[in-house]
Amino acid sequence: MASWEKEKELAHLHQPEDDPLPDLSLLLDMDQFEPTEGPDSNPGAEKIYLQLQVAPGDPSEKTYKFGYEDKEAQNPDLKMRNWVPDPEKMSKWACARLILCGLYNAKKAKELLKMDYDIHWEQSKEDSQYFEIEYHCKMCMTVIHEPMPVSYDKKTGLWIKMGPLRGDIGSVVHTCRRHYERCMSALPSSGEPLKPRVRANPVRRYREKSLIVADRPKRSRWGVAPREQPNTSSGDAMALMPGPCGPFNMDPPGCLLERVPGSEPGTSEMALAMSGGPFWEQVYRDSISGPPTGPSEN
């Protein structure tokens, strides 16, 4: 068989996504190479030899290099991991602090920074406008996910939260503090570290929460839910309004004492009525007008 016929048979081994080969003759007689030969003498094993070398650096940086770098090279508008909006004016150090100040107040952001977590942000798969934050523990490599997504506002140059539902979504500060204290106090262990509870995608979870909050009935100004009767015996809302019998008046409730006999302060009838009545005073010999007169065992 001629050499060109052999090359034609071996052409199906070369895939379009592979590196272009200047000459298919390199694929001829590949089975004759010894497995112990180095990359210089074996052209087919050079690429595998480079991949098997242990690259120095942080594991998260390796993940970015082999998992995100190719995707970003294919689409220049796609910024997936640790995206810095303006590299000329901002660094990753400053960008992480602006993200924390957008998520929390300055006191909580300072607390998160003092705990020395590796902060990473990744573009959301649900909506490319938002980014999801991760806190990587340096002592046990545990990953804690931030429940609130953030987005970058190009007009103001700030990172902002997805919405105002911080109370419904929850905070990650307490979880990070508890995990940090546990790692600092625990002895070194070879076992697998404790993982936080797995939550749903932050963007999708926030949208579902916003629908629940939108359907929730809002309370009125005076503390009564709409379309509900006030909690009074007669069903009259007068007790919730400002007036002589309402809770917003500082005057003595004279209208409540009109039906009490001898309602003037300091009278014996008033003292008897407030002490429990004649039966109470007759049996227990107790009255607010003076000390109890009965024995202690009664």
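Think of each number as a place in line: the chain as shown, counted from 1.
Yeah, the Cβs are placed from backbone N, Cα and C, and that goes for glycine too.
Small disclaimer: the values here were computed from a predicted structure and weren't measured.
Swiss-Prot has this to say about the protein:
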| type | residues | note |
| --- | --- | --- |
| REGION | 1-46 | region 'Disordered' |
| COMPBIAS | 1-17 | compositional bias 'Basic and acidic residues' |
| DNA_BIND | 91-200 | DNA-binding region |
| MOTIF | 214-223 | motif 'Nuclear localization signal' |
| REGION | 225-298 | region 'Transactivation domain' |
Q. How does the model score the region 'Transactivation domain' (225-298) in terms of mean pLDDT?
A. 56
Q: May I have the DSSP-based helix, strand and coil counts for the residues of the DNA-binding region (91-200)?
A: 38 helix, 24 strand, 48 coil
